[in-house]
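Worksheet for the structure shown next.
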Amino acid sequence: MSHTVKIYDTCIGCTQCVRACPTDVLEMAPWDGCKAGQVASAPRTEDCVGCKRCESACPTDFLSVRVYLGSETTRSMGLGY
């Protein structure tokens, strides 16, 4: 099953999602757009098991990292008809 991992610009660079991921899908990448100077990225989405632990670990009010599971991806992004 294919999962989509999306990182939003509300990321504060706290690394909570990276530490929560059991399959090391996420990593931190340099980014000047936040105070921490880094942002989460998802270079290995093919390893995502869809557990959504990254979402649970995110401390921001609007989750900075979201995992969309299979058909959820098109529905959540407004692509389903």
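From the backbone N, Cα and C atoms, a Cβ is placed for every residue, glycine too.
Same-chain residues lying 6 or more positions outside the domain '4Fe-4S ferredoxin-type 1' (2-31) and placing a CB less than 8 Å from one of its CB atoms are 37-45, 47-51, 53-70, 73. As annotated by Swiss-Prot, domain '4Fe-4S ferredoxin-type 1' applies to 2-31.
DSSP assigns Cys11 ([4Fe-4S] cluster 1 binding site) to coil in the three-state reduction, placing it in neither a helix nor a strand. The Cβ of Cys11 ([4Fe-4S] cluster 1 binding site) lies under 8 Å from the Cβ of Cys34, Val39, Ala40, Thr60, Ser64, Val65, each of these being in the same chain and 6 or more residues away along the sequence. Annotation source Swiss-Prot lists [4Fe-4S] cluster 1 binding site at Cys11, Cys14, Cys17, Cys58, citing sequence analysis.
Per Swiss-Prot, the feature [4Fe-4S] cluster 2 binding site maps to Cys21, Cys48, Cys51, Cys54. All protein chains considered, the CB of Cys51 ([4Fe-4S] cluster 2 binding site) has 15 other CB atoms within 10 Å. Under the DSSP three-state reduction, Cys51 ([4Fe-4S] cluster 2 binding site) is assigned to coil, being neither helix nor strand.
The domain '4Fe-4S ferredoxin-type 2' annotation in Swiss-Prot covers 39-68 and is backed by sequence analysis.
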Number of Cβ atoms other than its own within 10 Å, given for Cys58 ([4Fe-4S] cluster 1 binding site): 22
Residue counts (helix, strand, coil, in that order) that DSSP gives for the domain '4Fe-4S ferredoxin-type 1' (2-31): 5 helix, 9 strand, 16 coil
